[in-house]
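Colleague: Taken from Swiss-Prot, the feature active site applies to His47, supported by sequence analysis. The active site, proton acceptor annotation in Swiss-Prot covers His94, and the record cites sequence analysis as its basis. Here Swiss-Prot flags Tyr50, Lys90, Asn500, Gly537 as ATP binding site. The Mg(2+) 1 binding site feature in Swiss-Prot is assigned to Glu92, Asn538. For Ser93, His94, Asn95, His96, Arg115, Gln240, Glu312, Ser313, Gln314, Ser540, the entry in Swiss-Prot reads substrate binding site, with the evidence type sequence analysis. The annotation Mg(2+) 2 binding site is assigned in Swiss-Prot to Asp116, Asp268 on the grounds of sequence analysis.
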Amino acid sequence: MEKEKVSLADAKEHGLTETEFVEIQKILGRIPNSTELGIFSAMWSEHCSYKNSILKLKTLPTKSDKLLAGAGEENAGAMDIGDGLAVVFKIESHNHPTAVEPYQGAATGVGGIMRDIFTMGARPITSLNSLRFGDPKEPRNKYLLTRAVKGIGDYGNSLGIAVGGGELFLHPTFTKNPLVNAMTVGIAKHDEMASASTKGKVGNKVYIVGATTGRDGIHGASFASKDLTKESEEKRSAVQVGDPFMEKLLMEASLEAIQKKLLVGIQDMGAAGISCATSEMSAKGKTGMDVDLDKVPLREADMNAYEIMLSESQERMLVIPEVGKEGELVSIFHKWGLNAVEIGTVTADGILRIRKNGTLKAEIPAESLVLGGGAPRYVREEKRPTYLDEVVKFDPNKIPDLKPDTVPQTLNSLLSSLNISSRRPLYEQYDTEVGLVKVVEPGEDGGLVRIPGTKKGIAVATDCNSRYTYLNPYEGAQIAVCESARNVAATGAEPYGVTNNLNFGNPYIPENYYVFSECVRGLGDACRFLGLPVTGGNVSFYNESPEGPVFPTPTIGMVGVIDDVAKGLRTYPRTKEDVKYALVGNFQPTISASEYLYRSQGLDTGAIPNISLEKEKQTMDALIECRKNGLLTSAKDLSLGGLLVALAKIVIAGKKGVEVNLNELQTKVPRLDALCFGETGASFIVSFLPNDETKVRESFTSKGLSVYTLGSSSAKASLSVKGDGFHWEWTTKSLEVEFESGLKSYFE
């Protein structure tokens, strides 16, 4: 055994506390050496162990009779969608790497989440991304945004996976801490799914497959578990470098090996590299491993055991073939031009042994390293931030109401604003057509993709209003769940399951931990009420700079299922017949906490829109029921920018005119700014054929929901809005020009 010992100072340098260093000595019965310290520091980092979040995450609802792989059981969540098929999905962050090296940081985030999906035997069919950056008027923010988007596009396009949707929110709070959350959805056959476990197969050989191992990404896991500082920007060696063409080969080879049933288990090498893959597979299978690092194919000469174990070089897998199938496995990977090298053996005693140059470099119980095993678990001190009691005192009635003649320009300004304008400059860089699975155009509320070989479809969405969760963490998180579910329901699909990416500040600061805890509580309560299992996800703490934490952002990734994609809904009606429009649900708009308030007054304050989980569920149930009965021709969720922005988006997307009369709504909402631009929950604009109006009304009113007549389609290419004391009209072209102008200049 390597004799070199390490000190408490070394442990602290690796991000471990004194208590944790003492615990490691108890586990080993001795002081660890440098290789062992490196392994523990990576595996016990926040990024790998979830040590400050796991006890909170265990309060989330995870049960469903459709669940095939739940939270923490495998690399991603999996749910049964019938016909022997499963939808496999997960979301993960790559925030810190993107802040330092945006192109590679964002690209490798896409690569990592793709591997989580295809290691389970699922072929990825679509990806999404949820992005947060500072105001691109500042050169550094523009650089981070444009380079990250290019990294996402280049990697995904090279893999041949269509982008099905996503979101972008720009705000000064994210200036030094961008958030890049990547989600991938795949489809697998039940009998061709793989596991990340040794399954107790003692004596089986362990192989490393894919790319070579280099020095890139060393300390990546611990790097993602610290606040960002000026020094962080110089830690580019902690950012991995991706090769999407290598990943494409690795995906095809892995899926072929899984389909031919050659494997006992397969695990992606992501955070903490070989350290994580060997320990997690061993612990899950209640075994150990004996690994010889001299056999690992290296990209760079003279790498020591510490570097090899902690390298996060991309496009690598650890696989355990069935006995007697080793030759066939190697042949498949060689056929695809990839390494496939035996590096060890599964052992019975539960110990992870690492050797190099004939010397034992590490000897650690595998269980002691992993989440759910010996990795530490904490609940931190909580303290309610004082600002939460201040922001609710804001009185929107003290803001002067809009005059009718200022509304047209206000709509134009909002349509061209950073958070509402067209995302075309982003999705033009993404391949949205590859694979022939996309059903709806980019820019819809939710993405809808066809499951190859079937009539079924998967609806996908990512959502979170970071301003809401900043102003009210508990209810803001509930709204994030409901908004994501509404976007899936707007396609006509039934919300099915949730994956989450929780982006917060330093958990050791009590105010930050309170906000995190409240968001988790809100997320759990909303999912329980809506009957949605949380299948897994990711926690990213330390999104904080010397100026403070980012707005808390619990990003919700939602999947839904529709029985026939041909019957899916769009934002706009596709029929050539005349249609009528109505506003349905629980319309209670407020300018508090709204995008309108921020753009017009520069304020992030006030009570967020009222949330009623009962009304949300009733509204979505009625909408889906109407879709199933063929009563609707379109559906558009109300969100940022309120009613007029939603109407403008309908006109822009459908390139058809709409005539609206707001007289009925004016009696309910007398303030013009709230009526036109206030934000609300549980509300959709739906369209239908005139003959179906009675049935549509009954579907919603029978559940105690409101139905307000808005107007009808028009032969004129314009949006016409009348009411008591006003008549506004915008041509479709003028709306489109404003909508397309917001982000365009930053990407030219």
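Just so you know, glycine gets a Cβ as well, placed from its N, Cα and C.
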Colleague: Find the one among the recorded positions His47, Asp268, Asn500, Gly537, Asn538 whose C-alpha lies closest to that of Ser93 (substrate binding site).
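Modeller: Result for Ser93 (substrate binding site): the nearest of the recorded positions is Asn538.
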Colleague: Take the Cβ of Ser93 (substrate binding site) and count every other Cβ within 10 Å, whichever protein chain it belongs to.
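Modeller: Summing over all protein chains shown, Ser93 (substrate binding site) has 27 other Cβ atoms within 10 Å.
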Colleague: Other residues near the ATP site, CB within 8 A of the CB centroid of Tyr50, Lys90, Asn500, Gly537?
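Modeller: Result: Leu57, Ala71, Ile91, Glu92, Thr499, Asn501, Leu502, Val534, Gly536, Asn538, Val539.
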Colleague: Max Cα distance spanning Ser93, His94, Asn95, His96, Arg115, Gln240, Glu312, Ser313, Gln314, Ser540 (substrate binders), Å?
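Modeller: Overall maximum Cα spacing for these binding residues reaches 21 Å.
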Colleague: Give me the count of other Cβ atoms within 10 A of the Cβ belonging to the residue listed as 'active site, proton acceptor'.
Modeller: 32
Colleague: Let's check the environment of Asn500 (ATP binding site): how many other CB atoms sit within 10 Å of its CB?
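Modeller: A count of 32.
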Colleague: If I take the alpha carbons of Asp268 (Mg(2+) 2 binding site) and Arg115 (substrate binding site), what is the distance between them in whole Å?
Modeller: 6
Colleague: Expressed to the nearest Å, what is the distance separating Asn500 (ATP binding site) and Asn538 (Mg(2+) 1 binding site) at their Cα atoms?
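Modeller: A Cα-Cα distance of 6 Å.
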Colleague: Measuring Cα to Cα, how many angstrom lie between Gln314 (substrate binding site) and Glu92 (Mg(2+) 1 binding site)?
Modeller: 16
Colleague: Please report the distance from the Cα of Gly537 (ATP binding site) to the Cα of His47 (active site), rounded to the nearest angstrom.
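Modeller: That comes out at 12 Å between the alpha carbons.
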Colleague: For Asp116 (Mg(2+) 2 binding site) and Lys90 (ATP binding site), determine the Cα separation and express it in whole Å.
Modeller: 8
Colleague: Count the Cβ atoms, other than its own, that fall within 10 Å of the Cβ of Tyr50 (ATP binding site), considering every protein chain shown.
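Modeller: 20, counting other Cβ atoms within 10 Å of Tyr50 (ATP binding site).
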Colleague: Measure from the CA atom of Tyr50 (ATP binding site) to the CA atom of Arg115 (substrate binding site) and give the result in Å, rounded to a whole number.
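Modeller: Cα-Cα, rounded: 20 Å.
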Colleague: On a count of neighbouring CB atoms within 10 A, which of the binding-site residues Asn95, Asn538 is highest?
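Modeller: In terms of Cβ crowding, the pick is Asn95.
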Colleague: What number of additional C-beta atoms lies within 10 angstroms of the C-beta atom of Gln314 (substrate binding site)?
Modeller: 29
Colleague: Taking Cα atoms as reference points, which of the recorded positions His47, Tyr50, Lys90, Glu92, Asn538 is nearest to Glu312 (substrate binding site)?
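Modeller: Closest by Cα distance to Glu312 (substrate binding site) among the recorded positions His47, Tyr50, Lys90, Glu92, Asn538: His47.
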